[in-house]
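Shown next, in C-alpha cells, is the structure this report addresses.
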C-alpha cells in the first residue's frame, strides 16, 4: 500500500509539471535518423523555423528574373541558365555590336591605335575588323593616320615584335591618368614565322617595316603593320657581309661590303624603290682607299654614309646621283646602334650621354634637360627612335630574382625644343614606364615608328 501511494503521488506531480511548462521538452534523440517532414504550406499555420518560412514564401511568390551572379535554384538546367546569363551580359556590355557594318567600321576607325590590342580582346568580330584593309581606308579618309611604335626584341634566337599600347586597366581623366603610371605598355604582336632581324637591316617605310638581307643572304622580308603579316620583296642582288640601310623619299638606300670583288672586300651601294619594287645600283665611289662603312643616316634629304678609314675619317653624302666628300667629326659618337635622326638632326646616346650633331658647326653638342631620365651606360643597350618629332628612348636592365637572371625593358618619350638664339636643344621627359619583364636575358634590337 505504501509503495502504491508513492507512485500515485509521483504521477500527480508529473502532470502538474507538464501543465506549468511553457516550452515543451525536447524529444529524446533516437538512434535511427528520420527525415523531417515539412509541414503542408497552409497560410494560416505559423511556422517556427525561419528557413521553412523562407521556403514557403518562395513557393507562394511568382517567379522573377535573377541577377547573373545569383542564378535561380528552382531552374531545372543550371548550364542553360549560365549560357543565357552570359549572352545577356555580353549584349548589355557591348550594345553597339548590333550596329550595321558600315556604321561600326566608321566608329572603330576613330579609335586610336593605342587601344587596338585591348579592343581585339572583346570578340572575334572586332579582331577581324581591326585587321581588315577597309578600316585603314576609312582612317585615311577621316584623317586619322597616326604614328605607331614597334619594338623588335631578341629572345634567344627568336625575334619577337611588340607594339606600344595603352594599359586596359587605366582610367583616364582629362587626358591624364589618375595614377602615377603613364598607362603605356608593350603588347606582343604574334606572328607564325617571324624572320630573324638585326639593327642595320631594319627600316620603316610608310606603314611597312623592311628587313634587308642578313649576312650571306639576299632575302628581303616586309612586315605589313596594318594586317600584321609578312611577305617577301625582291631579293638583294648580291650577298653582303655587312650592310646598313636608311630611307630617303620612300626609297631604301643600302651600303655594304661583299667578298667577291677586287679588292676582296669591296663597297657596294644599291637603292630600292618601294613603289616600283625594283633594285638599282648606285655609282661607285670616286676615290680609292680602305673605305669602310660604319653607319648610315638620312639628313636634309640625303643619304649619308659615315665611314672609318685608315687614311682619314669622313662621311660621304650622295644626292642626285653624285658623290660629295665632306670632312667632319660625325663618326665620333656613331660606333654604337644608339642613334637616330629627328627633323634632320642627328642624335646619339653613345656611352649613355645624349648628344646632337650641329651640321653647321660640324661638332657634337650635349642635349640639355632630360630631368627624370636615369643615368644610362653602354651595357643598357640604349635605342633611339623618331616618334612624330619626339625622341623615344628604350633600354634594358638586367637583374636577378631568386638567383635567376631576368631583364626589364624601359621606355621614355622625350619632347625636343631647339633654341636657335643659344644654339641649344632641350629635352623634356613626357613619360617614363617599365614596359616588359622577361625571365631571361633579352635585347632590344631596334625601335621603329610607322604611319598607319
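Heads up, the Cβ atoms here are built off N, Cα and C, so glycines get one too.
Pulled from TrEMBL, these are the features on record:
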COMPBIAS  1-18  compositional bias 'Basic residues'
COMPBIAS  62-77  compositional bias 'Low complexity'
COMPBIAS  85-95  compositional bias 'Low complexity'
DOMAIN    93-139  domain 'F-box'
REGION    1-95  region 'Disordered'
The domain 'F-box' (93-139): mean pLDDT?
84
Residues of the domain 'F-box' (93-139) by DSSP state, where helix covers H, G and I:
35 helix, 0 strand, 12 coil
Helix, strand and coil counts within the compositional bias 'Basic residues' (1-18) (DSSP):
17 helix, 0 strand, 1 coil
